Structure formats: C-alpha cells, structure tokens
C-alpha cells in the first residue's frame, strides 16, 4: 500500500473479529503498532483491552488480540505479518484455567475454614502449583501469562505467583535471572522487552495495579546447561523464600503459582540428565502438583511416566500463532530488555498516533533516568561464579578435576587485564549479613538481586570505573556478580 | 411444611392470592391455573382459553417489537400474559432466536423479584412448543438461570429449583427438556457436583416428589399408592434432615428420580385437549405446560395441601403397593430402599431416637451453604467468595487432558459477564454488586492519585528490587481495591484514619495580622494553605495547619513526615538488633522521603492460626495492613482511603498512622 519509506504513513485499518478468533501480528525491529478496540471485548494474552484506548506495541512484539465474543479493532501501523486466525487453543487454556480455579477456591475454603460440603469432603485442597514445560517456540511464556491474567481477572483477589526459571527470558528485569513476582493486576503485553510485565519504578505508575515486585536471583547466563548446579541452587532458594512468604500469608498461598521454564527442560541430549535434575529442583522447590506440557507428545509421555504417579500431568496444544525465533532475535530482545531496564520503554508510536499507551501506561511515564557515576575499584566487590572459562563437567578429560568448582565465587579484579568487565552486566546483590559470624563462603550465591549495573568505562591508572545504575541510590560497599551478559548503549 | 407450593406464587402475597376455587373447577390437563395465576378467572377452560390471538408477523423487526413490548408487561405472574406470549412464540417458530434474545434480555434486566415470571414463560414455551424453542433456549438457559438464581431471594430460589426439577423429564421420552448436558450443568450449579448427592439437593427433590404425590392423592383419593409414598417420603425426609451417609444420599436420590419418572402420567391416559392447536407439538398434549405440575396426574386444584400431618403417619414402614390404575408404573424400590435402610440400622422406625451404627459415619453433613453463610450479616465478602466457588466448582472440568480438551468453558461469563462494571482506563472489571462498586470506586481513586502525581515531576527511575525481608513480609495489600484480601476488615483502620484525619484537619493556625493577603505554601507538599475566617474565634486562620520552627505546614503533611522519619529510625534500630540482612532501607533519590513505613511483623503463629477455623474476617487483610506492610511502595495505595482531594502524601501518613511504637 505505501512505498517503503522510514515512516510509512498508514491509514487505520479496521478488523472485525468473529467470536473465538484472534488477530495476530508480528513487528519488525523499529516499527510499532497501535491497536484500538472499537467495539466488543478483546484481550491480549489474557489482558483485557479497554474500549477506545489506544494500545501501542513495539520492540518486535509478536502478539495476538483475541476475542471470546467478537469485536472490532482498529489497527494503525504496518506489521510485518498480520492475519486473523479462527483456530486457537484458547478454549482449552480456558478450561485449564477453570480447573486451576477449582483448586484455588478449594484451597481458599480450607484456609478460611469454610464448611466443606459433604460431596467435596475428599477433594484435594492444594492450591495449583503449575510447572509449564514445552519445547522451544511452544508459547510457554504466553500460556503462563494467560493463566495468570485470567486468575487475576476473576475478581476474587487472587495474587498468583508467576515464577520464571528461564534465564534466557529475562522476566521482570533482564536475562540471566531466576525470579518470582506476585501478580495483582493483569499483565499487559506491549513489547518483547517486558514479556512478564514491568518491575516497579518510582514513576507514578508504580502505583498501578500491574506493577510487579519481583524477587530475583542472578544466575548470569542465558543457558541453563552452562551451570546446572547453580540453576539448581537458585531455583531452590527461590522456592524456600516463597514458602516463607506463604507461611505468613496463607490466603496468598491459595492463589497458587505458575512456573515458566526454559525449553532446555523439555528436550536435550538424553545422556545429559541435568534437565531432569532441574525439573526435579522445580518440583521440590515449588511443591509442584500440576505439570502442563505444551504441545509435545513425547514429552508428555515422559512426564507422565516420571511424575504421573504423584502429580497431575496434562497436555495442551500449542497455539498456531507461535512464532519461531532465531538467536539473533534473542540477542536483540536482551538488548531491548536492558535498555528498558535503565531507560524505560521508548516506543515511537506509528505516524498519526498521539495518545497511545503501553499496556495502559502513558508513554511519558515510561521514560526512566538512570544515573552514571564514577566509583573506585574497591567501592564494590565483584565476583564471578565458577572458573572463567567453564566447560560442562562432562566435557572435561576423563579424570580431570576442576581447579575451581562451579559454585565458588571468585573475586574479579577490575584492574586485571583479563577481567572482561567493560560493558559487562553486573548484578548488584542485597547486602551480606552484617554479622561476620553469619557469613559463609558461598553466601554470594544466596543473596537476592537488587538491580543491575553496567560498567561503561574502566580507568586502570586512576583505579576508577564508570558505572551505569538505574537510580541514584548508593551501592558503595556492596557485592556484585558478573555473568556472561554484556550490554552497550546503542 | 407440607406442601411444595405455597399459596403465593412468589412468596409475595400481593401477587399470589389465588381466586378460591377458580382453578379447581377446571379439569383441563393444562395446569397453568396452578401457577400462572390470573387475576380474573377467564370464562373458558384454561389451556384453550384462547388468549388474544397475536398477529402473524412476517417481519422480524415488527415481531421483535411486538414481542418485546408484550414481554415488558410480564411483571407479575400472570397466566394470561404467559399464555399470550407463549402462543405468540408458538406461532412464530422461525423467530425462535428473537424470542430467546428478548427473553434473555428481559430476564436479565428486570429486578430480581420480577425474574420468575420470565422463567415461567421460558418454561411454558419450551414445554408447550418444544421445537425449536427448547434447543434455542438450551444455549442461553444455563447462564440465564444461574445468574438469576444467585440474585433472587430464597423463596424464588425454591421456585426455580422446582422448575429445574421438572425440566429433568419434560422433554420427549421423559428426557431432560434442554438436553442432558444442560440439565446436568444446571443441577451441578445449583446443588454441586452431580456425582455426589448433597443433603440440600435430596431435600429439594424429596419435597418435589412429595408435592407430586400429594397432588396425585388429591386427584384420586381412592388410590392408596401415593399415600403410601407420601408416608415413606416423609420418613425419608426426616431421616435426611438428621443426616445420612453419602452413598445413602445417592441411593435415595436415585430412587426418588425413578419414582418421579414413573409417576409421570403415561401419554395415553391423558385426555386430549379439547381444542388442540394445529401447531402443537406432541409434548404439548403429553405434558401439562406448567413446571411443577408437569408430571402431575390429572391436575388438582391449587392450594390444597393434602390432609396430611406427621403425627397421622402410621408407625409401620411397610406399605403394600396398591393396585391402582394411576399412576400405573409405581416402583416398589423406594420401599425396598427404606426397608434396607431400616435393616441396616440407618433408619430407625419413627418414634425411636437418632440413627445409629455405620450409616451415620457422616452425620455432620455440612449444612447447606446457601443457608448457613447467607445468614451471617458480615458475610458480604463471603457471599461473593461462596458464589464464585459454587460457580467454579460446578464446572465439570477435571484437571485431565481429556477434560480440558473436551469441555466447553463458561469462561466468558467468568471473565466478562459476571463482572459488568469496567474501568474505562485500564479495562479491569468489577462485579456489579455493592462490593464491586466499592472496589471500582477505590480503583478509580487510585487512578486519580496516580494521574495527579504524574504532573508533579519528571525523572523517574527504576527502583531497586525489594529486599528479601520485605518481599517475604509483603502480605499484599497493595492498591486496586480488588479482591477479598482487602475488603471488610480494612474498615476499622479506615475509621481510625478518618478520625485521625479529622483531628488533623481541624487544627489551624491564626494568620498573623497583615499576612492575610500572602499566599503561604506548605513546605512539604508545596500546596498553598487555604485560609478561612473562623466565626468562633473571629480570626482568619489557615485550616489544617500547624506551625513548627516558624514554618507553616499542613497538619496532615507534617504528621506524615514525622511518622515516616520516626519509622525509619525505629526500623533501623530493630533491624540492627536483629542483624537482619536488609539493614539498608531503600532510599529514593527523587524525593528523599523514605516511604517505607515500619510495621512490626506479627508473629507467624498468629497468622497461621487464623488460617484454621476462625471466621474469615479474622484472617484479616486488616491485620496484614496493620501488621505487615513493609512494602517499598512509593505511594500510598490503601484502597479504602477516600480520595477526597487529599494529596497522596498526606494519605500515606494517614494510612500508616497506627504505629504502636510511636
């Protein structure tokens, strides 16, 4: 329709969607899309759109506007792909949601000590604790989001806990983390930078219902196979803290939790048993009682066989709308995520759109101001976990032992030429125990993530480095851990 | 209580007073007269009492208009109206979807006390015309019925339950009127999972069958069968009321259904209607149109409970099945069930005391929730929770691959239709109830605070993640005025806060002479202090003001500021003692104000205990609010703060005031 220019001017297009169909779109880098619900009811991955509001999508977002009862939407912008599909697995997802709701209401009934009707006497009253597994590009994260949003929208005050143990994903912060957040309001989908919603900022929107307060641990690598032992530990740490919280908040516990896993949990060389160990870690740590297998027959059989005796294992189909992504896309997303972490969401609306919002947040609120400061080398202690160049243990020569264990924190000296700290993403950890006697060697592994720092300049002569931090809070004397992520402002 | 059908149609005497003897004189198979009460008795026999013949419409729009306008007159249980509308529907089967839509709309929008006549119409059309209406209605009836069911009062609920029971056998070959699935779903929604029998349900069905029998008895006093059944049924009812085990409930229910089914009059016995309408479907003749009487043998007049009382019941349990022509197919199963119950010791013959032995393993059958919880005056929240629970648990979806693949979810109701008020800003929905409205208001207040904050500066930045300690103790009372986690029990805090605010606002500082014209602003919130003339003092004053160190502050702002600083100090102290990891409070550079307030954490045991059997309000979102709020939240987010023009910071102060240590 328009010649290819930098800013194609596109007329708004109206799409009328039949009940139970969805409008799917994919965006190229640098483009954005504005969608307005004109009539009817519509939702984006379980997040209901308000009528007449303009929602913006960007950062290569690939999403779908689904309608249960039919709707009309107005779309401005030029997606690289757009079409309407009538074949969605949403009914099945909705059934799954209702089955989970049954578990929630029973759990809450038990917590409150409400009378149990006789026919329910034998019903289990565990809240749903769901592990979602599936191969790459099966839409696991989207399913987690839909299930979470539906729970939140039930109007029952559920606060489901959304857990992300996919360090390649980024969750609420940046990739490399293992994290959990209680979800109180529906999670919008607007950009690949915040697949699971936005972590709190001090902008006014941090009041908003969909602000998330995550608890995160820093694993530091995109691949789980890089250091399975560390993944295992992070996962268990997360689970322990959640249990502590649940003990204080029995009603919160009734909402249950949903765990999004990396695709490496679903497939891999059979000789490598780390994925089973990691799945087991999840099951133990989060007391999983339901495994949802997305669109993978063989995996379903395997899960049934391994866990079917003690847990409920259900299989659901994957959506036809799932887009296959390549590794360069992952890299770009990592970049978007880190940029969004420091600078907020900056999406240039399509030409002609002035009143857009991102998941209901006005654009101006999403611009953040990080702070860049120069600090001394010894103002923070930087660790790297395990040896520098770590091969998987099974790749070592027979009989060879590691000189540095996978779990050992090694101090990194910024002055040493091989520190590789320039442009590295540092995870700032919460303070160590103030009492010396409580400290232990691997304490660093058990400290939660407070935020990210980027070393943007190292001056060896003056022993100073420039650090980009999300805010002006002081971090002198704190501990940070470096992983394998790097980021440069572009 | 000896008769299923009370004198009044809705239990509201104003509508239900029957004209004595009116329907008793009719010997038609139609039994409208028993329920569709018609104030002036028509001169002709009921069913054929040709209601005003509607025009034949060929235009859907004019039909819709006509039908809708007639429907809007259906405000009371008027037989004329129902017949009229039913005929109209019958004459226009090709407009069945318009009928369905109009009826659906009508029932949904009228007030609860007016819904029953609409259902009676739906019932009459389905039973009289059946095709195509039953199948069209079957698509809407579940949600329509259940939505109304949860809104109406208990006597109407009973009526609806009775109607529902008649649907079970009102279709062809005594099949469910709207199909087995719909019937099952409705029964599940009303009485819970149908693979179990609830005491409530058994009692309803007992009552229903009793009514049938009583009418049968009246119809044919010489037939001793119904009498025998009535006797047994009454015994059973008392037994069930006392409590029997689950398998027995189940058994009783099955027997009841067999009995009810067999009590249906065989079609041949029915006298054909004197002036059959040509369009009448076969069922029209077979089944009397009106619900509760649908299975009744040749009808008996309304409002004549059988001369039956408990003390007149003979002690003997064995009842000889009599040889009576109507109903011909009586089961003796009920008796054998009774006999076996007696034999097993479950049932003691009337006169002896409580049941004993194995049958009473679950004597404490939970009381019907509908009654127990509704009576609790403070149970608004629980009503919501309970209804939602029933709704959810009634969905026949087990967590198995086959079930979730097969079942058709009522998700739209769940996510959209149950919650009709929507926030225009963010699309979040709220139930259209008092509580829902309150939550929507709170939610809008939150938006208001948020928006008013937007203009107060730029340069936001990402916060540090909350510390482990804070995260664990955050008992989620954040914002949004949504969810049971923060509804009722916040009230006391709110009252305290309101009182406190009142006091603060009442403070004033007398404006120094000559300074009246100056505009003075509060150093904290930067807003101008309002001046006003105080009659009593005969002075100009600044309202809600306090003077400290020669500066004039808003009293509320000042209180907030002092509270939060003292809480930082207190918190630091505490944490130092505990050697906590999170000794460093997060500082927000943009404001310099520590917004985290210290709250002592309640001992876990307290919270755990509340999780057990205590009444819900003790679990207390409130105690969480008061006790555990350590969120690194930047703003006040107490949903129940009223939003009357107080700047957010002041609110923070108020919402965080009751600090034991300060």
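Yeah, the Cβs are placed from backbone N, Cα and C, and that goes for glycine too.
Look at TrEMBL and you will find A:17-107 tagged as domain 'Clp1 N-terminal'.
In the three-state DSSP scheme, residue A:138 (ATP binding site) falls into the coil class. Within 10 Å of the C-beta atom of residue A:138 (ATP binding site) sit 23 other C-beta atoms, taking all shown protein chains into account. As annotated by TrEMBL, ATP binding site applies to A:22, A:62, A:137, A:138, A:139, A:140, A:141, A:142.
Mean pLDDT across the domain 'Clp1 P-loop' (A:134-344) comes to 83 in this model. Annotation comment: TrEMBL describes A:134-344 as domain 'Clp1 P-loop'.
The feature domain 'Clp1 C-terminal' is assigned by TrEMBL to A:368-489.
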* Structure fact -> the domain 'Clp1 C-terminal' (A:368-489) resolves under DSSP into 18 helix, 46 strand, 58 coil
* Structure fact -> Looking at the binding-site residues A:62, A:137, A:140, the one with the fewest other Cβ atoms inside 10 Å is A:137
* Other than its own, how many Cβ atoms are within 10 Å of the Cβ belonging to residue A:22 (ATP binding site)? -> 25
* **C-beta crowding around residue A:142 (ATP binding site), within 10 angstroms** => 24
* To do: For residue A:139 (ATP binding site), just count the other CB atoms lying within 10 A of its CB, please.
  => 24
* To do: Taking the Cβ of residue A:141 (ATP binding site) as the centre, count every other Cβ atom within 10 Å, in any protein chain shown.
  => 21
